[in-house]
Amino acid sequence: RLFPGRLSAFPLFLLALLLGFASLLWLQLSCSGEGPVPDGQGRGAPRQPCPPPAPLQPAEDEPSWGPHRLALLVPFRERFEELLAFVPYMHRFLSEKRIRHHIFILNQVDHFRFNRASLINVGFLESGNDTDYIAMHDVDLLPLNEHLDYSFPEAGPFHVASPELHPLYHYKTYVGGILLLTKQHYELCNGMSNRFWGWGREDDEFYRRIKGAGLQVRRPSGITTGYDTFQHLHDPAWRKRDQKRIAAQKQEQFKVDREGGLNNVRYRIESRTDLSVAGAPCTVLNILLDCDTNETPWCTFS
């Protein structure tokens, strides 16, 4: 017998109640939506997803939400663990800030190398007329500071993940991670170049497009959380980046593409699915990109 015979049922009930409370407290402290990863867990490791509270839904005529609507464009391929944390977290974060939004998961399903810039171009074209500005948003970057601004960037491109706040990239011309633009400004830049297959450099080229269009990049002010402003979910130990460069690609990667962009992105939508992730709505676009191997032979892995 594990317990003395005289032990009554009431102490056992209290013990079970305390254990249940301790389990709920542990889940709340360890889940994905409650701030940065504690020391010792690794900066890139995703937390366990939390059961989110009921998502906020704005009434169409609710003035406190404002007149603008954001298309959150998330280039994606095979990062399902990050996606399960990202969609409910961002839906709640934006809803609490009274930002009308629609999350688009831009899922590349062809057999070419990953092309983040082309996916964003496709997301822009497919996002519909009910959104008037976009966020180019990495799936592995979660904003932790509630004072970060995701509102309509009327004065020009607004770089939320600025170099002084991003946990990894700190050079002054960096505009990756999270960048907001009005649709008018994105069209003025002719979108992003479609020539960047594999990881990196498309943001640097887009910075030069922004400057060439006469626009000024703005960045957050008054944020005191430094490199702890975001949680970076990417772990390079188990999520290798495609950094292969062939000779012709090395020559091209620092050039400005003065002809291509929104006007010549080639793609087909295989399917469009509206779904809910832990109560948070999003739209998944399964996208087949096309590549002219004469123009960019580095789009394949061969």
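Heads up, the Cβ atoms here are built off N, Cα and C, so glycines get one too.
The following features are taken from TrEMBL:
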DOMAIN    67-150  domain 'Galactosyltransferase N-terminal'
DOMAIN    157-232  domain 'Galactosyltransferase C-terminal'
REGION    37-63  region 'Disordered'
SIGNAL    1-32  signal peptide
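Residue counts of the domain 'Galactosyltransferase C-terminal' (157-232) by helix, strand and coil are 20 helix, 11 strand, 45 coil (DSSP-based).
The helix, strand and coil residue counts that DSSP assigns across the domain 'Galactosyltransferase N-terminal' (67-150) are 28 helix, 23 strand, 33 coil.
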